[in-house]
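The structure appears right after this line, and notes come after that.
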Amino acid sequence: MKRVGSQPAKIQKKYRAEDDAKDPIQVYCRIRPIQSSLESSCIKVVSDTEIQIYCPPDERGISREGQFSYKKIFTEYETQEVVFQDLGLPLIEQLLTGKSSLIFAYGISGSGKSYTMTGNQEDGGIVGRCFDVIFNSIQNYQARRFTFKPDKLNGFDVYSMEDALFFKSEDFKNNVKNPSKTSKKKDGDTDRIPFNYKIMDIEQDVAYSVFISYVEIYHNYVYDLLEDVSDGEIRRNSKIIREDSNGNMYVHGVNEQEVFNADEAFEWLRKGQLRKRTAPTFLNMDSSRSHTVFTIRVVQAPLDTDGVSIIQDKKYTVVSQLSLVDLAGSERAGKAKTTGQRLQEAGEINKSLSNLKQCLKILYENQSSSNLRNIAEKIPYRTSRLTHLFKSFFEGSGSIRMLICVNPISEYTELLPVLQFGEMSGSVQVKRTTPLRMDIGLTPGRRKVIDVQSINRIPCVIEEDTRFPQDNKINYESKENCFGSYLNLGPPLPDLEVDDLLDNEKRQQLITALDQRIKKKEELRALLITQSNDIRSQIVVLESNYAGAKQEINSLQILRDQDTNKVKQYQNKSFLLENELASLKRKLEFMDNENKRLKSDLNAKDNMLNQVSVDKDLLKQKYNTKIVKKQEQLSREFKDKWKVQENEFEAKLQDKKRKLRHIKNIVESTENIPGHFSRRIVKRTLSDESLNKIEPVVNNGKPTDSKQNEPSQATLRYLRSRRSKSCDPHERWIEHKPPVPIPLQTVMQPKLKKRKSITKLTDAKTVSNNGASKYCLLTQGSDEQGIPEAKLYKADIIQTMGGGAQVVFNDVETLKQDSPLGGSPVKNRIQAYNNEVKAHRGGPEDIQSKCYGIQGGYTPTSRK
């Protein structure tokens, strides 16, 4: 409820008494009727307050369902009148008593929100029925037009009768200059069927005025639908939202129209609906693309002591409002098949609805967890114009009701968020506001007294162009007849002229009539005296009764004050005891929770200790088993090593014995060689024997002939050439070598099966277009000692994205001849040695018989 100016002390005390009282948001649910009998419903009404939804089994055979509860469920058979009586009528009663209210219509696109709020000509919605009930109730108590005017700060100024007449004349001149502003009924429009209902319990010593405004929130901007523009014009200036001096949010600069009857208000509603933004979609041919807010504001001001004029003191003026919000339906782009501008509008609609859900969710969390945390989460009202406009309602300036509209043929995934949001909203509580009953100390019922006493008074409260002139005429005639009966003194006097007085007959008729009137006058006088005496006696009795009643009332008031003080004391004690009980309950719950937590911790620690003990035993057993196995393994390894070392020592011993025998044979065979040859032969023989380890052939201890002590023919090893293991026979090589390579006569020579030999590499296509994957470069030279050697540089050929190839070197092989004795090449030294032996012994047979351990030939290839 919104109050203009400061409030009287009595009214402020009412608010202080109920500051902590809260009421939940009342959420209703309405089910749209199914249009076709072929369509199946996924909603089942369990009771008047519970609803159940389910979805058919999917491909995996899984079906889902959910049950939700609300204040009341309106089935598809409930009419618009039933919905209004349960949802809107109580709010009209609160509106006329000075309390503000808010109604949200929420649901997906095509669920029947707009129809419920506005209806049609034959079956009006909540808005039209609100007009009928309000004006039926205040028809005899309305203030003169232009008595109240908006002050552009969410309040109203009160003007006198003269000012109101002046404003009315100015408005009449403007209407004459601009005749297009006057409402004209179209040929296609039908007569609206009014809703006949009247609220009887309203304040009669108050003058009422009704103002309406109609705005829409489109793309998070606020536009005035009643703005003074030509029909069909859509572009309008956006409005801003401000906060007045009492903390209430309002649309600044909005056009508030004063209406005097339901038809006039309904005409303004129709004009606003024509300017409202709608567009066809796949789901709804007339889909709302914006949120609309229709506000009805009732201004009340008390009458003065005479019951004729309105008190112009602004602090006694009370303003209450009823906001009817038709939210745009949430929709999915894939199902609604919206693109372009329609898709952007759907995104803004879903964004604002999501912010509304977020605000209510945070409100619910702050209220439900207020005892668990000290700082409540901030509510993002300013994120959307919708929540920013109704911030004061969420903070307790009026009651809130929500109507959830559902379409039973919708999908389960679309209905579930809507029903969940409605059920969650029913748990949110807002501060309770008390309806205002203005008590300024004047005599109640003063308007009714003045109506009885003043028959011919000039009506100053009721508008002069009254809608019921016949009723007023009947009232005046009945009052005149009533007073005529008291002033009747007999038969009427005959119509006589001056000449008629000379006629005895007519003069006798006049005398008779005068006598009857005199007699009637005497009777009336006696009756008046009798009634006066009766009245005096009754007044005396009443005065005595009044004095006794007054004394009794005083005594009862004293007793009432005493009882009131006792009740207050008991209430204070009860309040303190309740607080103490609540604190003790909280402590008890805390201690119980702490006890449960400690018990659970103790059990957990006991289980942990038991588990640790079990793990320790298992670990101990495991390590004992490992120790036994390790000991057995070490014992076996030690025995194996011992056997290996024993075999090695035995082999070394046999080798030493063999060498000793061999040396002995050499010494015996070189007895006849000159001294300058013997030392050289022994040296070379030992070197060759130690390198090649060639064993002589022995007769295994059998008796031999005279040549038993001579060494037998040595078993020579002939090394064969082999190819490099690094060459894969399945790979294709590019062999790059000099034009005339020098033969090195080494044992190990590269042998490439699949190869292409080249001597020059001048074109990159030679490498990239041959399908080869390997590359080999042969270079020849000499080492530091002058010995010829060859190096093979091997590489991988990697094809590049540009069609070329990359050569990556990864290995080098070196081929050369070398001697274990050092010096010149092996072949030359052995040849020299053989020639010397031939010269001394005379032939190669003697040399073989004497020195069987010398071996010639090429040495194996060494790699670097």
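The backbone N, Cα and C atoms fix where each Cβ goes, glycine too.
What you are looking at is a predicted structure, and each value in this text was computed from that prediction instead of being measured.
Given the ranges 168-188, 693-713, the record in TrEMBL names 693-713 as region 'Disordered'. Neighbour counts of Cβ atoms within 10 Å were compared across the binding-site residues G107, G110, G112; the minimum falls on G112. The most densely surrounded of the binding-site residues S111, S114 is S111 (count of other Cβ atoms within 10 A of its Cβ). Counting only same-chain residues six or more apart in sequence, the Cβ atoms lying under 8 angstroms from the Cβ of K113 (ATP binding site) belong to A105, Y106, G107, S288, D326, L327, G329, L403, C405.
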